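For reference, the structure discussed in these notes is given below.
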Amino acid sequence: MPIIQSRKGISSRKSITVYGLTFSLPMLVWQLLFFLAPLLFLIALSFWSVRNFRMEPDFNPDNWVRMLGRSVFWEAYFRTLALAASAAVITSALAFPCAYGIAFKLSEAARRWAIFLMVIPFFTSYLVRVYSWQIFLSDNGIINALFAKIGLGPFGMLNSVFGTMVGYVTLSLPLVVLLQLFSLMFVDKTLIEAAHNLRCGRLRTVFEVIVPAAKVGLVIAALFCFILTFGDFVSPLYLGGGDPPTLSILITDTTKSGQQWPRAAVIALMMIATLLAVAFAAVSYAYRERGR
Amino acid sequence: MSDFNRSRLIDWALRLYILLAFAFIFAPIAASFVFSFNVDRFPSLPLGGFSTIWYEAVANDPLVWEGLRNTLIAGVIVSVLATAIGFGAAYTDFRYKFFGKTFYVALALLPPTIPVVILGLAMLAFLSNVNLSGAIYSVIIAHVVMCAPFAMAIVRLRLSQMDPSLEAAAWNLGASEWMAMRHVVVPFCRPAIFAALFITMAVSFDEFAVAWFVSGLNETLPVKVLGFLQGQVSPRINVIGTFVFLASMTLVILAQILLMKRGGASTKTAEPVGDGL
């Protein structure tokens, strides 16, 4: 079996050339060295020990035993899991009517504008938007000032799960809408027409024809929302109050407040394992019984 | 779509819903713009008087200038490196088949899916172990890892529109691989290359988490903002936010214009081939 073969017969140069390596090697070297190696280093680091505020290379399972033996860790773990799962469900539900409307109810030109506007938030500072939500949600902020005009409130919205969710939705809504939109746009229109011709009602068409046809995209969108929110420390800290902490807050605290990096590495590895498990489950669910 | 099963009421309700979604997305961006001109320290309604004192406060803050300088240095170098690396990876994926290609492509595209706290911790631990942490180049190293996948995706998309026989034709006409690269592939990808430069720069400008972990005392502007956020209420965040928003938008719109020209440019960029050879 040839190791290297070009797509076109005319260009078949079946050897490794300087030319080819010039283009392929930089990415390989850079990402092996500065992406894969640091992640693998986390595994080694999680077995290091800390003595007199100094880290020493070691093979000591102590960090694992201590972290996994703490109820604080497990509370944070399940709390983070529940928050991210709720965010995935809530954001997907909020995004779907929006993506559906953009895909099926807007003109071609309006749709292109909508997509452009959805991309903008990726290039605005997430920190600034979170700070801005503080202005909206605080006890004497904009929303409570409006409520006060009609004699209600003030409502404590900041430093609560509600605040965290607002931040999570801010972070992930544009991406979820875009991913849902792209899968909805590729739903076979004749399927929908067929459903209509067979006198299938509007809602039934949506839930029994369109949603199953776009299932892969919808599940992937929810998965990305889960990944984004699972690792986010800004919203739970600055909108949710940070207490009790999520795993990402635990990592920043543990890392920034001294030399307990090996323990932070344990948390990080637990997060990676969880993300891999969730991603694997979501992808196999998304592609299951597609041909039905 | 057929007109059966259509209801004007539901259509309008959906359009209204789309508007509400955009209102939710743009409310914080708009508010930070409005409140950057508000005289009050504690932002609320009704608005205080119009003022530019917060802009002056930011302009007179040497820490902000230092952060801006670090951000610009990092952003420019990162965009060039990430685009070069991303271009190479995209071209490799476009042209070659080889053992382990799935791993190669996965490695090229995976970094954005790893949560930034984990990436930040891993980079900090790894880089400080080899004495590379706490400097601007630490930020550059980390940001290239995070930005190269975007550059690769953008260039790969453009390459998928290129007929592979274009390159082969150049070889048949006597061009070396290098000449074909210079006179065929690069001109064809030029809009995507510039788009990748701008997009990666914009990503680097806004990245705060990994930069916070690895930058040590050489903080970039977003890391300074994180610092402001940890401190007391300060309308300076709104000022910096407005500034960074305008800078990023300029870059994104430039990239968008370049990518929009894609369709028309495909015939044009093929022309220099004849001249060059």
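Heads up, the Cβ atoms here are built off N, Cα and C, so glycines get one too.
Predicted, not measured: the structure shown is a model, and the values here were computed from it.
The feature transmembrane segment is assigned by TrEMBL to B:12-37 (among others). Long-range contacts of the transmembrane segment (B:12-37) within its own chain (CB-CB distance under 8 A, at least 6 residues past either end) are made by residues 43, 47, 50-52, 54-55, 235, 237-239, 241-242, 245.
Sequence annotations record features per position, and here TrEMBL assigns domain 'ABC transmembrane type-1' to B:68-255.
For B:72-91 (among others), the entry in TrEMBL reads transmembrane segment. Listed by sequence, the residues of this chain that lie at least six past the ends of the transmembrane segment (B:72-91) yet keep a Cβ under 8 A from its Cβ atoms are 104-105, 108, 136, 139-140, 143-144, 147-156, 159, 185, 189, 193, 196-198, 200-201, 204-205, 211, 220.
Per TrEMBL, the feature transmembrane segment maps to B:103-128 (among others).
As annotated by TrEMBL, transmembrane segment applies to B:134-155 (among others). Long-range contacts of the transmembrane segment (B:134-155) within the same chain, counting only residues at least 6 positions beyond its ends with a Cβ under 8 Å from a Cβ of the stretch, are 70, 73-74, 77-79, 81-83, 85-87, 89-91, 93, 108-112, 119-120, 123, 127-128, 189, 192-193, 195-197, 199-200, 203-204, 207, 210-211, 214-218, 220, 259.
The transmembrane segment annotation in TrEMBL covers B:192-217 (among others).
Among the features that TrEMBL reports, transmembrane segment is placed at B:237-259 (among others).
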